[in-house]
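**Student:** Okay, so Swiss-Prot annotates it like this:
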BINDING   N123, T173, K177, R295, H327, S379  substrate binding site
BINDING   K201, D203, E204  Mg(2+) binding site
MOD_RES   P3  N-acetylproline
MOD_RES   K14  N6,N6,N6-trimethyllysine
MOD_RES   K201  N6-carboxylysine
SITE      K334  site 'Transition state stabilizer'
Amino acid sequence: MSPQTETKAGVGFKAGVKDYRLTYFTPDYETKDTDILAAFRMTPQPGVPPEEAGAAVAAESSTGTWTTVWTDGLTSLDRYKGRCYNIEPVAGEDNQFIAYVAYPLDLFEEGSVTNLFTSIVGNVFGFKALRALRLEDLRIPPAYSKTFIGPPHGIQVERDKLNKYGRPLLGCTIKPKLGLSAKNYGRAVYECLRGGLDFTKDDENVNSQPFMRWRDRFLFVAEALFKSQAETGEIKGHYLNATAGTCEEMLKRAVFARELGAPIVMHDYLTGGFTANTSLAFYCRDNGLLLHIHRAMHAVIDRQKNHGIHFRVLAKALRMSGGDHIHTGTVVGKLEGERDLTLGFVDLLRDDFIEKDRSRGIYFTQDWVSMPGVLPVASGGIHVWHMPALTEIFGDDSVLQFGGGTLGHPWGNAPGAVANRVAVEACVQARNEGRDLATEGNDIIREAAKWSPELAAACEVWKEIKFEYEAMDTL
């Protein structure tokens, strides 16, 4: 290096550990329409000022590192750095704050949830200056969301494909989740679909195990689909789980499903990964397959209130990465989900424009600029007595999925499906007539049971079943 170059490079450089606040805490910054905005719930270590902690989050999730480096002078940090532009204390909590960070759009690769998450929720979550950190929400600007595939088809196209309108769709996860042979599995699928369900589902655990290889399962399920369609005159579907150990194997399974004439495949998007999910979404769009998404592993990431990623962020990421359905919890069943929080991210999945509403945990106004919506799937510990509440909470654009609530019927699988179909149609009719499902729900089910022995038997079996636990994640 020449002396002249050494002198020029040394101008303005001061080695040492950074005070993040000096560069990355910018309370006067006015956010741009193209910025990606993040709301972090942060718990600093004792003695760490919230401004320093928020600035550290902005730095470590964008251009910063722990010390000043020579190469800072070779780029424009003001153009590329994240900025902590606001900090507010969390009501009722000691030493806990919401830090708002703005990221310039050029930090992220177009159409890549993988790159987005690698930056925003990467190493910063292990930062020693923070006792805990949780990403509560993201604002995705239209300039960025338009670079993503989004759902392969969306709600309206799915309705048109199925020719089913004006009610929630009904599903069932085949149980036991592991251990059935392919032929017995196909039999259960046929009985449920013949009884009146719209969909049946592979459990997320079912891939290709020694007791049931994927190709055998696909073949027997396809036979069940065509037989039930011929008998009922309705279009039926089964979520064939294409999740596999490699992307190549996953796509091979999706190709086989399409060749069999199946209308929908499934993917475990968190365990499978966003890159695999987006690849599958592209295939599904190009080949007319619907894509059902299971969220296995989500509670490891989102259930703790102070650390991790809220599911509303994972839901937004899925809408961008691609999926036509995603599991969202039930509010009333066995799985975690408070009503207002759940409806907040359900709207973020389905609607085109969602206003900021802190009462539902929505930190930013989100404009999806006509990106297709995703059907929320309510699944987990639900049965016929829950039908009025589920219909009232989730509305028509949803899938209500009863596994044990179908297959646990005392008379068998088909009567279990009949009970659920009668219950949902009774609830929809009552709602359309102006009745209040929240207050009259049990009466509506009892009235319908007088004309359906299958529903009456289901009501008797599950009349005492409740899951009354407080939600861990609350506002």
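From the backbone N, Cα and C atoms, a Cβ is placed for every residue, glycine too.
Model, not experiment: these values are computed from the prediction.
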**Student:** Excluding near sequence neighbours, so keeping only residues 6 or more apart in the same chain, what lies with its CB under 8 A of N123 (substrate binding site)?
**Tutor:** E60
**Student:** Sorry to bug you, but what's the C-alpha spacing from E204 (Mg(2+) binding site) to R295 (substrate binding site), rounded to the closest Å?
**Tutor:** 9
**Student:** So, three-state DSSP: helix, strand or coil for N123 (substrate binding site)?
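**Tutor:** Its secondary structure by DSSP: helix.
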**Student:** Report the same-chain neighbours of E204 (Mg(2+) binding site): residues 6+ apart in sequence with Cβ closer than 8 Å to its Cβ, ordered by sequence.
**Tutor:** N241, T243, D268, H294, A296
**Student:** Between the Cα atoms of D203 (Mg(2+) binding site) and K177 (substrate binding site), what distance do you get, rounded to the nearest Å?
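**Tutor:** The Cα atom of D203 (Mg(2+) binding site) is 6 Å away from the Cα atom of K177 (substrate binding site).
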**Student:** Could you check the binding-site residues K177, K201 and say which one's CB has the fewest neighbouring CB atoms inside 10 Å?
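**Tutor:** Each of the binding-site residues K177, K201 was scored by Cβ atoms within 10 Å; lowest is K177.
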**Student:** Apart from K201, D203, E204, which residues in this chain have a Cβ no more than 8 Å from the mean position of the Cβ atoms of those residues at the Mg(2+) site?
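**Tutor:** Counting only non-site residues, the set is T173, I174, K177, D202, N205, V206, Y239, N241, M266, H294.
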**Student:** Measuring Cα to Cα, how many angstrom lie between K201 (Mg(2+) binding site) and T173 (substrate binding site)?
**Tutor:** 5
**Student:** Which residues does T173 (substrate binding site) neighbour through Cβ under 8 Å, counting only same-chain ones at least six apart?
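**Tutor:** Same-chain residues close to T173 (substrate binding site) (Cβ under 8 Å, separated by 6 or more) are T200, K201, D202, D203, S379, Q401, G403.
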**Student:** List, in sequence order, the same-chain residues at least six positions removed whose CB sits under 8 Å from that of H327 (substrate binding site)?
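**Tutor:** Residues satisfying the criterion: I293, H294, R295, P376, V377, S379, G380.
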**Student:** For R295 (substrate binding site), just count the other CB atoms lying within 10 A of its CB, please.
**Tutor:** 23
**Student:** Across all chains shown, how many C-beta atoms besides its own are within 10 angstroms of the C-beta of D203 (Mg(2+) binding site)?
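**Tutor:** For D203 (Mg(2+) binding site), the 10 Å Cβ neighbour count is 18.
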**Student:** Three-state secondary structure of T173 (substrate binding site) from DSSP?
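**Tutor:** Once the DSSP labels are grouped into three classes, T173 (substrate binding site) ends up as strand.
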**Student:** Tell me the coarse DSSP state (helix, strand, coil) of H327 (substrate binding site).
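**Tutor:** DSSP assigns H327 (substrate binding site) to strand.
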